[in-house]
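What TrEMBL says about this one:
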REGION    A:317-337  region 'Disordered'
TRANSMEM  A:42-60  transmembrane segment
TRANSMEM  A:67-85  transmembrane segment
TRANSMEM  A:91-117  transmembrane segment
TRANSMEM  A:124-145  transmembrane segment
TRANSMEM  A:157-178  transmembrane segment
TRANSMEM  A:208-227  transmembrane segment
TRANSMEM  A:239-258  transmembrane segment
TRANSMEM  A:265-287  transmembrane segment
TRANSMEM  A:293-311  transmembrane segment
Amino acid sequence: MRRLLWPVVVLVLLLALNVFFTPSFFSIEVKDGHLYGSLIDILRFGAPLILVSLGMTLVIATGGIDLSVGSVVAISGALACLQISQDTSVFTAVVSALVLCVVLGAWNGFLVAAVGIQPIIATLILMVAGRGLAQLITGGQIITINSPAYKVIGGGYWLTVPFGILIVIAVLAITAFLTRRLALGMLLESVGGNAEASRLAGIRARGIVIMVYAFAALCAGVAGLMISSNVSSADGNNAGLWIELDAILAVVIGGTSLSGGRFSLSGTVLGALIIQTLTTTIYSIGVPPETTLLFKALVVTAVCLIQSPSFRAKAFGRRGRTAPPSPAPEEKVRVTA
Amino acid sequence: MATEPASRSEAINTERGDMAVPAPVLTMGGIGKQFPGVKALDGVDLRLLPGEVHALMGENGAGKSTLIKVLTGVYPADAGTIELGGAPVAFGSPLEAQQAGISTVYQEVNLCTNLSVAENIFIGREPRRFGRIDWKRMRARAKKLLSRLELSLDVSAPLSTYSLAIQQMVAIARAIDVEARVLILDEPTSSLDAGEVEQLFRVMRRLKEEGIAILFVSHFLDQIYEISDRMTILRNGTLVGEYLTRELSQVQLVAKMIGQELAALERLHGEAKVFDRPLIEARELGRTGAIEPFSMTIHEGEVVGLAGLLGSGRTEIARLLFGADHAGSGEIVVSGSVTSLRTPRAAMGHKIAFCSENRKADGLIPDLTVRENIILALQATRGWTRPVPREQQDELVGKYIKALKISPPNPEHLVRNLSGGNQQKVLLARWLILEPRLLILDEPTRGIDVGAKTEIQRLVAELSDGGMAVLFISAELEEVLRLSHKVGVLRDRRLVAELPNDDSLTTDVLMETIASGASQMNASEASNVDASGGRAS
C-alpha cells in the first residue's frame, strides 16, 4: 500500500544503519531450542509497545486518545504479581488483572461516550489516578515473585519463538479480524470521521466507543503482564512509564490521523517497530546515554517530516509525490457546503 | 473561441443600440487551462465592465471556479491573456491580484469568528503607530468602511456575534478596502436567507454605483436575474457566450448551460391521485424553540412538500420525524400505532430515512469510500458483528451507482473527492438501499447543477409512484410545486397552512402564504384537505 511506503523506508534505513555498525545484526540462530538474534530482540522487547499501540490505534480512529494506558500497564502487572505473591494460581491472577483492566477501560469509554468529557481529559484522570492505584496495590513496594508459569508470558518460548511475539501475532490477528472482516473497522472510521453523520445513519456510537476504550485497556493490560513477567516483578511507579506517548507516536508514524477516521493496523505495527528499532539502534551504535533522548527526538522529527506530503513537496521539489492540485472541474468545496 | 459567436455579436450589437459601452476594467482572452487528464478551460473570454454586476454561469464542472482561480493567480493560465485597465497582467498569487485591485470573497466565509470585526477587516495590515497596532485608528477606519456598506456594527465585538450574512458583508468590506476595482463574489448567497440576500444585494448595488465591477457566481437563477446586468455562460470549459441578462430568459439560460432544451417545467405528477393509506401521522408534535406543535399526515406514495424561509422550521420538522431530535410534545403514529421515535435508529426501524440538509456535516463521511458511505446505514442496522457480505455490497453499490449515475462510477473512490451533486446521490443511495417507506429529503438539490437536479426530481417522482412516501424540503418553490401532492407552508417556526397542489396553487400563492401566514382563502383550503383526507382514510 502506498501510504505504508514511508514507514517501510524508514524502518529499512534504520535496519541498514544497524547492519553498518553491527555486521552480524541480521543473523538469527537457534540456541537451546530458542531463537536468538537482534531482530528477534526487537520483536520481543517491542511486543508490549505493539500491543498498546494496537489498542491506541482504534481509540484514535474514533477521534479520541487514551493517555491512561501506561498506568493500566502498571496496574495490570501489579495486581497479577500481588496475587501470585499471595499464592493465587497464575491463571486466576492473570484473568483478574485483565478483567480489572477492561473495567478501567470501560470507565474511560463511559466518561467519553456517555458523559461527554473530552477524551484527553477523561483519560488523563486514569493516567494520574491509575499510578496511585498501582502503588496502592503494590503497597508502594516493588513486588518480586518467583513463578516459572508467570515467567512464560514475557520471557518464555514456544516452538523456539518467544511467547510475547506469539501473543502479539494473536492479538493482531484478532484485531484485524474484528475490524476488517467484521464491520467494526468501518463503523469506527465512520464515528471518528463524522460523529453526527454516523448517529444520523443509525450507528450506535456509544457502545462502540466504550468497547474500543475497553479494548485499548485490555491490550495495555496484556502488555503490563508481559513487562512484569519478563522481570518477575511489579513496579507501580515505573512500569509502562511514558508508553502512552510512544504508542501515540507509533500510531501517527503508521499513518493514522490524530483527528480520527481512517486507521491502519499494519502501519501502527510498523510505527512501533520503528520506535523499538530506534531504541535498539541507539544502544548498538553507541550513542552516549546522555544524548539518547535528543537523538531519538531528532529521528522522530525526521520521520514525521518525511511522512508529510507537503514537506516532501517542498524539500524535494517535483520528486515529492504530492497530489496535483485538485482537478479543477469539480467545484467540490463550493458545491457541498 | 465562442461556440456561438452569432449570439455574442448580437448581444454586443444591442448594446451599441442603447448606449456606448465603457472600456472594460478587466479583459480575459482565450484563457486555456489544462489539468492532468482534463481540459478545464479552453479559449474562454471574459470582460468585466465598470459599474456592472456580471454573472458567471455554468453547471458544476463548467470551469467557473477554475476561471476565477486563474484570474486571481491561484493557478497560472496555460494560454490566453489577462488585461487589467488595459495593461497585461499575470498574477502569481491571490495576494498579488488583491494588491492590483482584484478582491475575492469566497462562499465559506474565511474569517476568524473569534476576533473582532475590526481585526477581521484589517488582519495582516493593521494600521500601526510606533510599531504598535493603532487600535483607535483601526476601529475608526473599520466603522467608516462599514458605513460605506450602510452597516453600523460594533466593530470591537467578536465577529461570531453577528449572523452569517453580516460576516459575509465584513468579508466584502475587507475585500473592498484595498481599493478594489474588481470584486469577485463566489456563491456568496448559498447560506443566506431571503432577507440577508436582499441586504447583500443592497450592498452590491451600492458598490456598483461606485464603479466597481462585480463578478457574481450563484446557483440561484432568481438571484442572477435580480442583480446581474450581464452574464457569461460556460459549458464544459468552453465559452458559450456573453449576454445581457434582460435579453435572455431563464429557460434560454438553462438551455445554454446544459446544452440542450430543457423539458418545460411541467409538474411531474400529472393526474390527481387519491391517498387513502396514512403512513405516518404527527399529532401536535412540537419542540420548544424549534417548531410549534403541528399536525400532519403523510400517506403512502404521497410527496409532501415543505415550503418556507430558511429557519422557518422546515428542517426541524424533518428531524422530529426522524428522531434526530426529541419531541417535547405530541405523538407520532406510524402505520396506525403510536410510537416514540427517540433515536434515528428507532425511526430507521420504522423504515424512515432522512437525507440531511448539510451533506458535509450531517451526512457523508468524507474519508470513507463511495461504497462504504452507501452501505453505512444498512451496516448500522445490522450492527458491527454482522458485516454485509462483500458480494452483496458490490451488487448493491454497483446497482445504485448505475441507477443514480454516480460519477466517477468507482465504488472505491473517496467521497470527499466527488462533486456536490454526486455526493448527494451517494447519500440518497445510502437510504434507498434500506427501501424506506418514508424518505425525508432536506434540500436535496441545493448547490448542485441543473442536470443532477432534474435527475433527482425525476427519481423522487418515480419513487412515489412506486408507493414510497416522500417529505420534500426545498427553498426553491418551483421545485416544491413541481414535485409535491400537497405543500405544507411554514412561517416563523409554525406550520401555517397545508395546501393541496392543484392548478390554483402557484409560486405566487406560496410566497404570499409564506409572507403573510395563511390567508383566509388558503386557510379554508387547508381545512378542506384535512377533511378530505379524513374521509378517505
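Placement of Cβ uses the backbone N, Cα and C atoms for every residue, glycine included.
TrEMBL does not curate its annotations; it predicts them automatically.
Take the transmembrane segment (A:239-258) and the stretches A:67-85, A:91-117, A:208-227, A:265-287, A:293-311: counting Cβ pairs under 8 Å, A:265-287 has the most. Using the rule of three or more Cβ pairs under 8 Å, pairs at least 6 apart in sequence, the transmembrane segment (A:124-145) is in contact with the transmembrane segment (A:67-85). Only sequence-distant pairs (6 or more apart) were considered; of these, at least three Cβ pairs between the transmembrane segment (A:208-227) and the transmembrane segment (A:157-178) are under 8 A, so the stretches are in contact.
When Cβ-Cβ distances below 8 Å are used as the criterion, the transmembrane segment (A:265-287) is approached by residues 1, 3-4, 7-8, 10-11, 14-15, 17-18, 21-22, 25, 38, 41-43, 45-46, 49-50, 53-54, 56-57, 172, 175-176, 179-180, 246-247, 249-256, 295-296, 299-300, 303 of the same chain, each at least six residues removed from its ends.
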